[in-house]
Amino acid sequence: MTAEKSKALAAALAQIEKQFGKGSIMRMGDGEATENIQVVSTGSLGLDIALGVGGLPRGRVVEIYGPESSGKTTLTLQVIAELQKIGGTAAFIDAEHALDVQYAAKLGVNVPELLISQPDTGEQALEITDALVRSGSIDMIVIDSVAALVPKAEIEGEMGDSLPGLQARLMSQALRKLTGTIKRTNCLVIFINQIRMKIGVMFGNPETTTGGNALKFYSSVRLDIRRIGSIKKNDEVIGNETRVKVVKNKVSPPFREAIFDILYGEGISRQGEIIDLGVQAKIVDKAGAWYSYNGEKIGQGKDNAREFLRENPEIAREIENRIRESLGVVAMPDGAGQDEAEAMDEEE
């Protein structure tokens, strides 16, 4: 760059900073522009690895969608529990009016510290979200769900009234307002969404999500969660085998997958993931039905091995750290939090 151009650029930058404030424009090599992305663990080791950065990125919009009873709300409650372990504050906008507080507590959520709102309209839900984000004091907000964000005009109208595109316009306007503030306040905002079928689609995927296309564009991460099987114990179904696919990721390569178990009344089985990922990484040995670690047997069958790790959290943590090391994923700063969760399991 010539001296004349450099001088003109410096003058332009000075004018922009004077008009819009310091930090409104900067070089990528300066200060916070190159800082590592701050993340919140999902509570699933496999999903943290699939996301590429160790969790869900803060200061971004995340969409989690899937069929009914696929584990969407369970996953977000696990993220809230992980955030609370490191001292964060979370809010849950329950537009569906269906949050089970007792279930949230079982997943490790500190319910007395969780902010909960059950708004009457979509506008009210998004205004509350905007106010919380602008306060700068909230670390994470969950909106459950986009499909339940009913516009005021629809609520006040008659059953059967045709109001095309109303919800999509509401979401588009809200996200235009929210995105910049979310980035500045470093708040993680998760939208839970449902799946609908497009009528008349002959080729391609007929599935789509509610609320228009705005959320697809504004989301930095989109997770597709599906139940792919049942977990049985003595012919009794005790949980679901779940697959999460990272269909969009602006902070790491997308299209990675994670498979984990969700146990009824417990949430994501951390110990089950450690066993599965340990076997894949050849850290845990499997011979027939027996699992062993460092030459010592830890259980016959996955259930017994899971129980062993639950009773020996220090061994579980050691295996987890070795898995992270082998995959090049830095150990999470909230590592101590898992030991607390294991201690809670032992008390139960």
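Residue numbers in this text run from 1 along the chain shown.
Note that Cβ sites are derived from N, Cα and C of the backbone, with glycine treated the same way.
Counting only residues at least six positions away in the same chain, the Cβ atoms of ILE225, ARG226, ARG227, THR242 sit under 8 Å from the Cβ of SER70 (ATP binding site). Secondary structure from DSSP puts SER70 (ATP binding site) in coil. Under the heading ATP binding site, Swiss-Prot lists GLY66, PRO67, GLU68, SER69, SER70, GLY71, LYS72, THR73, citing sequence analysis as support.
The record gives GLY66, PRO67, GLU68, SER69, SER70, GLY71, LYS72, THR73 for ATP. Within 8 Å of the mean position of their Cβ atoms, the other Cβ atoms in that chain belong to ILE225, ARG227. Most other Cβ atoms within 10 A: among the binding-site residues GLY66, PRO67, that distinction falls to GLY66. Long-range Cβ neighbours of LYS72 (ATP binding site) (same chain, at least 6 residues apart, Cβ-Cβ under 8 Å): ILE64, TYR65, GLY66, ASP144, SER145, ILE192, ILE225. The sparsest Cβ neighbourhood within 10 Å, among the listed binding-site residues (SER69, THR73), is found at SER69.
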